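TrEMBL feature annotations, pasted as is:
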type	residues	note
DOMAIN	5-337	domain 'Acyltransferase 3'
TRANSMEM	50-69	transmembrane segment
TRANSMEM	90-112	transmembrane segment
TRANSMEM	145-166	transmembrane segment
TRANSMEM	173-201	transmembrane segment
TRANSMEM	213-231	transmembrane segment
TRANSMEM	290-312	transmembrane segment
TRANSMEM	319-337	transmembrane segment
Amino acid sequence: MKKITYLEGLRGLCSFIVIFDHCTNSFYPELRHTGMSTIQDVIAWSPLNIIYSGLPSVYIFFILSGFVLSNKYNRTKEDNVLVSGSIKRYPRLIVPVLFSMIIMWLFSSLSYELLNTHQLLSFKDVIMQSFIFVPFGGGSLTNSVLWTIIYEIYGSFLVFAMLALFGKYKYKYFIYSIIFVFTINSYYCLFIFGMILNSLYNEGYKFTLNKKLPAVLVLLISFVFMTFPVLRPGVEIGGIYSHLIFFNDITYNRQIVSKIGAMLLFWSMFNLQDATVLFNKKTFQFMGKVSFAVYILHLPVLLFLKHFASYFEHGYERLIAMSVLVYLCTISISYFFEKYIDRKTVIITNKIADYFTKTK
């Protein structure tokens, strides 16, 4: 099976959405507020709020991980694939995390020396957070976006374990479905969904829609569901989302509805040729290539540049100007980070995994 490159383009777009989410939080959080203007209400109470909603993008990351990590095994059914994946998964994630924390420490030290700001973290914090708090929890993270890494690690091993135990079992989908239901209240159901979809894909099951109109409708429904707003100060649930409240707990309701939307969106990618063509374009492929670097580096960049936000008037001007700066600096650093850190990490971890699997 050829590599499904358009999914990398989707990953790239999601990473860039996460950046604007955090720019909005830092430079103009009032953009999300309802009851301030008609335009803001239209954005907040429609799928347009995807522009500043990063959590649905994280859901897509988790589905993608389940899909991609299970792909080679589902094609070959070779147990060594799972051994190899298990060996390299931790260093594959933690080595770039370590370097992102070092970069954050350098930015913090630079702002401390030049701007007389508070020192965010020490080098001891870099080591503790990279090797203890990020993969195992138990402490706060200065680079707060790294909260997803612990789920990536445990979710990856959950996928590998399920494939090892049930991947060749005749009734595996029954087992997969049970575990999916039991994990529906956690992020791990998204990894399992991606794994199930990949298994079906590789076994030749047709889960595509034959006509374009139903596929477009599914895509639209997925956007509505996945963009259910996060309840926060200044934000009310209204518009179409007032009809999507199925549980008394609004936070729980959003989690379930948004997860369903993310799963529908991911599935819809297999139904629309226009989407595959779009995400295969060079721009999106580049975004996909640097997506992991962009994700783990954008907050250190943002926190450093935030010291200069006062040069712009609070409001749309500050949000636009500072967001452009954050994007430009993050992309520039991420280009070299991907080339010299991320890519090298992949090569080295592949060699380590090959060494251990070939000597067995």
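Glycine is no exception: its Cβ is also placed from the backbone N, Cα and C atoms.
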In the same chain, which residue numbers or ranges, 6 or more beyond the ends of the transmembrane segment (90-112), come under 8 angstroms Cβ to Cβ?
118-123, 125-126, 129-131, 134-135, 142-143, 146, 149, 152-153, 292-293, 296-297, 299-301, 303-304, 307, 333, 337, 341-342, 345-346, 348-349, 352
With pairs closer than 6 in sequence left out, are the transmembrane segment (319-337) and the transmembrane segment (50-69) joined by 3 or more CB pairs under 8 Å?
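In this chain the transmembrane segment (50-69) does not contact the transmembrane segment (319-337) - fewer than 3 Cβ pairs sit under 8 Å.
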Could you pull out which residues elsewhere in the chain have a CB under 8 Å from any CB of the transmembrane segment (173-201), counting only those six or more residues past its ends?
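Contacts of the transmembrane segment (173-201) (Cβ under 8 Å, skipping residues fewer than 6 from its ends): 59, 62-71, 74, 151, 154-156, 158-159, 162-163, 166-167, 207, 252, 255-256, 259, 262-263, 266-267, 270.
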